[in-house]
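Read through the structure below, which is laid out as structure tokens, and then see the notes.
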Amino acid sequence: MGAFLAMGTILVHSRVLCIEADTLKPGDPWALAGKPGSWGCERVRCRCPDPLPFKGGPSWTRERTLVAVKPDGVQRRLVGDVIQRFERRGFTLVGMKMLQAPESVLAEHYQDLRRKPFYPALIRYMSSGPVVAMVWEGYNVVRASRAMIGHTDSAEAAPGTIRGDFSMHISRNVIHASDSVEGAQREIQLWFQSSELVSWADGGQHSSIHSA
């Protein structure tokens, strides 16, 4: 991997984006198999007919999502674990606050569940203690965060997910994350004022991904 980085190749999710053949000199130990302009590294024996998607492609959509550590997660001191997982994944925290969620906010947040028999108990639970609401930013963060938190039912949540590791019951499942881009936009506006969100530079960690 170090040699790849020294050569300037770009690693994306442990895959190597090969260097174009016409950029290398004859006899280069990293010369590519195939014709100039083709993709494919002889040393790693890969063939890439087209470059991987970059900025502007459907696989690299930069989004924001709402993540909330629920009262049981806060009481069990799991906030730090949640933040650590999202930061290690490479996402950027742009807003966070602890609050006792007003019932009016919870009613709006769970409006699609109002006719469910468990709705009153859900509102009581979510208002029983403080919630830590966060806004995370990154590429495909909505879909990724849903995968990270795991199945709603702790009995079905895979080990390695937040709920799989920490949730004890479906009614005490530690965390919420927006389930769609549209839902994330609505929930962020519900829980945060625009002045509470901060955009900041990531120090160039993802500059190779951003570049075309």
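Each residue, glycine too, has its Cβ placed from N, Cα and C.
Please treat TrEMBL annotations as automatic predictions, because they have not gone through curation.
Quick look at what TrEMBL lists:
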SIGNAL    1-21  signal peptide
DOMAIN    62-199  domain 'Nucleoside diphosphate kinase-like'
BINDING   Lys70, Phe118, Arg146, Thr152, Arg163, Asn173  ATP binding site
ACT_SITE  His176  active site, pros-phosphohistidine intermediate
In the domain 'Nucleoside diphosphate kinase-like' (62-199), how many residues does DSSP call helix, how many strand, and how many coil?
61 helix, 32 strand, 45 coil
When the number of other CB atoms within 10 A of each residue's CB is tallied over all shown chains, which of the binding-site residues Thr152, Asn173 has the maximum?
Asn173
Within 10 angstroms of the C-beta of His176 (active site, pros-phosphohistidine intermediate), what count of other C-beta atoms is obtained when all protein chains are considered?
21
Cβ-Cβ neighbours of Lys70 (ATP binding site) (radius 10 Å):
22
How many other Cβ atoms sit within 10 Å of the Cβ of Arg163 (ATP binding site)?
23
What number of additional C-beta atoms lies within 10 angstroms of the C-beta atom of Arg146 (ATP binding site)?
16
Let me know the largest Cα to Cα distance in Å among the ATP-binding residues Lys70, Phe118, Arg146, Thr152, Arg163, Asn173, as an integer.
22
